[in-house]
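Asks: The structure follows.
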């Protein structure tokens, strides 16, 4: 009859170890939605670029490029903000349901370790733009985002590590296909997030 | 029975087991973190950390963060070794039946 008690002890040990060191309430559904937003954003951006390319007059094409930069930036920012808001809200509800706090030591640590490579990458991309190495901005965003995921994975669900590695690989491959950055973005931020989100949803969320 | 010998009485309580589990995977934890994670009262945490400190399985550091006193706990080398032995023994016991 003692073995029941020992079994309880072991599960308590496992539970405490994971609860105290990893933030377990990341929502898989928010991953799926982030991917969907990215795909919609990529589609809109693709249309804008396509319109410019189709324009026969060189002068008009030049002027359109100027206007397009603003709308591309707005699309990118909206995708990011939407994904962040959705992620925060869904994670909040999931944490509440499982009795975990959304803002505790483990989530702070997760966020810090995710943000560090991401902020460095963001600044680095700004430098790339400064020196007009625009071509490798898209691969660089993918690579740094992937590194951020790998770095954060130690403090949350295991799947994040594989998401990160996949996105790093996509980023590296895309360096060899300059000019197709948007497609690699759609693949990395869109498709990968949807696949990852669904796997996490079926593994952790459904209960 | 050598396996039974490795079951450590010092860990034979839910709260102490929890404290050690947390300190095994984190460099340190403060009083409030232990309290929140284990859902125990102040007095409970205090007495169990004291008993773990007495056998030198955990280290206690008191410091100030601003004006607030803050108590930080970390597992000692001895504590980690003993806890590993304890887990191994538990697993062996369960595996036997």
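Each Cβ is built from the backbone N, Cα and C atoms, and glycine gets one as well.
From TrEMBL, for reference:
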TRANSMEM  A:23-46  transmembrane segment
TRANSMEM  A:66-90  transmembrane segment
TRANSMEM  A:110-130  transmembrane segment
TRANSMEM  A:136-153  transmembrane segment
TRANSMEM  A:160-178  transmembrane segment
TRANSMEM  A:184-202  transmembrane segment
Asks: Counting Cβ pairs closer than 8 Å, which of A:23-46, A:110-130, A:184-202 has the most of them with the transmembrane segment (A:160-178)?
Replies: A:184-202
Asks: Looking at A:66-90, A:110-130, A:136-153, A:184-202, which one has the highest count of Cβ pairs under 8 angstroms to the transmembrane segment (A:23-46)?
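Replies: Looking only at A:66-90, A:110-130, A:136-153, A:184-202, the most contacts with the transmembrane segment (A:23-46) come from A:184-202.
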Asks: Please give the sequence-distant neighbours of the transmembrane segment (A:110-130): residues at least 6 beyond its ends with Cβ less than 8 Å from one of its Cβ atoms.
Replies: 22-23, 136-137, 140-141, 143-145, 147-149, 151-152, 154-156
